[in-house]
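**Student:** Take a look at what TrEMBL says about it:
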{"type": "DOMAIN", "residues": "57-112", "note": "domain 'MannoseP isomerase/GMP-like beta-helix'"}
Amino acid sequence: VYGELEGISFDYGIMEKTTEKVYVVPCECGWSDVGSWESLYELRATYRDDDQNLTDGETILIGCDHSFISAHGERLVACLGLKNCLVVDTPEALLVADLDRSQDIRKIVDKLKRNGKENLL
């Protein structure tokens, strides 16, 4: 069901359509807008290794720094000499990008949709 939902903000999707009174309770709980892979990389800073790499899944990194490697396919992801890279491996697809350009991934998403490849999203 989640994959079929329209990608809109909470403000627009809920708050602008609310006709009842809404009450807000202020709190000091921190907030991070995890809208990109780079945001997630920054949010999980305490989980990075000495070379500032963040890994998830079965990985081997040699000579890499400031990279985010997420391996959720059925294979090992080995990286050699990567700098500031994003690698996301799933059973359906592999994404390799400059971590600083992770916001531009929506361009890939748009192209996949135009080409009828929504099953990869």
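Here the Cβ of each residue, glycine as well, is placed from N, Cα and C on the backbone.
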**Student:** Average pLDDT across the domain 'MannoseP isomerase/GMP-like beta-helix' (57-112)?
**Tutor:** 96
**Student:** Counting by DSSP, what is the helix, strand and coil composition of the domain 'MannoseP isomerase/GMP-like beta-helix' (57-112)?
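**Tutor:** The breakdown for the domain 'MannoseP isomerase/GMP-like beta-helix' (57-112) reads 14 helix, 25 strand, 17 coil.
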